[in-house]
Protein chains: 2
Amino acid sequence: MAQAAQAPSGTRDFLADEVRRRKAAFATVSEVFERYGFDPLETPAFERLEVVTGKYGEEASQLLFKILRRGVHEASGKPDLALRYDHTVPLARVIGTHGAALPSPFKRYAIGPVWRADRPQEGRFREFVQCDIDTVGSTSPIADAEIVCALADGLEALGVERFRFLVNSREALRGLLEVYDIEASIGDGVLATLDKLDKIGTQAVAKELVDDRGLEMSVAERLAEDLAADDPGLIRAKLAASERGQKGMAEVDRLLELTAELGERIVFAPRMVRGLDYYTGAIYEVVAEGFPGAIAAGGRYDGLVATLGGPDMPACGGSIGIERILAIQGAKEIEAAGLDVALTVLGGEVELMSLAGRLRSRGLRVGTYLGSSGKLGKQIQWANARNARFTVLYGPDEQAVGEVTIRDMRSGDQTRVPVGEAPDHLARGVRD
Amino acid sequence: MAQAAQAPSGTRDFLADEVRRRKAAFATVSEVFERYGFDPLETPAFERLEVVTGKYGEEASQLLFKILRRGVHEASGKPDLALRYDHTVPLARVIGTHGAALPSPFKRYAIGPVWRADRPQEGRFREFVQCDIDTVGSTSPIADAEIVCALADGLEALGVERFRFLVNSREALRGLLEVYDIEASIGDGVLATLDKLDKIGTQAVAKELVDDRGLEMSVAERLAEDLAADDPGLIRAKLAASERGQKGMAEVDRLLELTAELGERIVFAPRMVRGLDYYTGAIYEVVAEGFPGAIAAGGRYDGLVATLGGPDMPACGGSIGIERILAIQGAKEIEAAGLDVALTVLGGEVELMSLAGRLRSRGLRVGTYLGSSGKLGKQIQWANARNARFTVLYGPDEQAVGEVTIRDMRSGDQTRVPVGEAPDHLARGVRD
């Protein structure tokens, strides 16, 4: 036997049970998104290199899987395509390509693999599924609220309980910086540091605000402490002093109002600062008991589609961290899909094939013994390994009188019935 | 607006209706394969370059999409990975990787994209879905028959009618060459030429057999004419003179016997010569009215898994040309998936969001107007464009008394009901 080659680093082979589990999860989320009137979109696995170049920033660009030119151009050593890094750049490209043919607003979801040459580690893969939902072409707060509710329904349908949407707004955060007299030019950097509160703590954040962002220590400490307190009332009161802050709070409040059906599962969370600086309006992250980090996130990003090479259109969207959820849920028991009926083979192959056909036409999952052993014991072992509900025996005795013996693999009971009655009998047994 | 970038050459963006149509077709075929006890397998989009190198022959190797090494190695201009070219090499690799964890025999199907840098042309793409079904680890003729029946059921489920399996056997063909005293060493070349009968005709085939394969003209003409006659009785009689030929005919006859339920939809077709020389037993191609070329094909290829780097195991399998079928069927009408309920927005957003949630929890597909127009006419236009079954109006009049107006978009009828009764009313209307 040749040396066993492995799947490429950071990728996975999905065997039967895992494929079924994943497909079911993707179908569950699709159904929810469809109920919200979102349509599926599928783009190619790769894009032209110029479509992705400069769209992801320096660090992310290093993680692109680039495809070498082909034929006589291969020797150049140069790439001209790159595997999809996310679903957002392809979305912007599609709006540019198909603009007029798309509904307006364009509400689409995408559930499919993306590829990133990250260093593989526990729970981080180079090929993984992203699950995105976006509305392009609407400034309505209802569009934001729909995304939030669709994400919430999606999480619930996936069996995630006790989750909470933490809502904030880029405008509110910028207003807060105004209140602390921090210049807009260093705002993104200050927010990037504040995003680390959970990770490194109040003191370290204050220090970084001074050392790296150039704030006065007194301002840095007050800001870090006020945010760390995570007191919506306190921040709300502060924001009243800034027009920008009030506008941001209005965005947050409108979103809370329009998603009132989520009750306490959605809250204003002043210290929730998303790292990505392309958001322009309300932003949110979803945390849940039993899951480290965020399991879903999103927000409004009115400038992004144009930045990514599409037309200038308002947009909002979010995504569910479905790989993370699948990984945690993987710990739970998976029910293996067995055969409904296993057919043993002791001669009479032609009649058995015909019987198999009739069973399958009733929707039963039927396997026929394909090994070379003529021993019944060995064939029953195979039926057991395939988790068969019933096994059919059709030996010389049965063949002589046109009957089959049906063994119930749970109870061990055996019944003998005419071949012609076997489909009814088995279909009933599987249904029960 | 930025210049519209296109999808890469030879690839396609699939918009809503097309995604739904394709997904439904793939699900249909999956269900059939599952009924036969086949399990899904999903492998990564790419494999290590050494896994695919030397597996496809010179010409096909030119068509691989190779992925450039990353990070500091990118400058080398060398690839280390290649996009999946088919599902067969990954299958052989998986058997090597996961051998002990797989059921024996291993019956798997794979429905997913493969990538080939072919020159794009009408109906030929660089990213397209292959639909494969294979049984590895069984020499039983039942395994071959199962594949044939699964392919037949799959085609039928896809709506392909009047198809016919043309069956032959590599052994029978080799036996036939023996009967004509053609040396085994040039057999594959002779068969490759005979495979062109349909394309270039009897005379041209005879000429090529002489010019390129070195046969005597008298032998070449007899062989070409005998095969072109497509007379099973004639060939059967000839094969009786060769042990190899008899063995091949026995393979064909056993397959016909075990697939008797297909009736006249499966026949021995002596002139059916598949080009690929890795087949070792029964082989078949499926032709159907309205479809040019073969729409499915397969056979037994006992040596292939080892050749492709896996362990030495017997195997048989086939595939459905699902892209070809989808392309032909694409001409038929597609029913667009519209909204069940379109909610217009004339104030009252919070109540509307709550109503939307209740409608969705009944499984209805609900869209809310996300534009900026306050004019009802404009919003009804939107509902029409979204192919809505019902439109809900909730203007100031309705809000004042807690009612909604429901417009049936087919009949134009309007009904006014209390908001609380709207979900029942609409769910009933959509069901009817």
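Heads up, residue numbers simply count up from 1 along the chain you see.
Keep in mind that glycine also has a Cβ here, set from the backbone N, Cα and C atoms.
Of the residues A:ARG70, A:ARG116, A:ARG119, A:ARG265, TrEMBL places A:ARG116 in the same L-histidine site as A:ASP86, A:HIS87, A:THR88, A:GLN130, A:ASP134, A:ARG274, A:TYR278, A:TYR279. Here the Cβ of A:ASP86 (L-histidine binding site) has 19 other Cβ atoms within 10 Å, regardless of which shown protein chain they belong to. Taking Cβ-Cβ distances under 8 Å and a sequence separation of 6 or more, the neighbours of A:TYR279 (L-histidine binding site) in its chain are A:ARG170, A:GLY299, A:ARG300, A:TYR301. Shown are the binding-site residues A:THR88, A:GLN130; the one with the most C-beta atoms within 10 angstroms of its own C-beta is A:THR88.
Sequence-distant neighbours of A:ARG274 (L-histidine binding site) (same chain, 6+ apart, CB under 8 A from its CB) are A:ASN168, A:ASP195, A:ILE283, A:GLU285, A:ALA297, A:GLY299. The average per-residue pLDDT of the prediction over the domain 'Aminoacyl-transfer RNA synthetases class-II family profile' (A:1-270) is 92, rounded to a whole number.
A:GLN130 (L-histidine binding site) carries a strand DSSP state (E or B).
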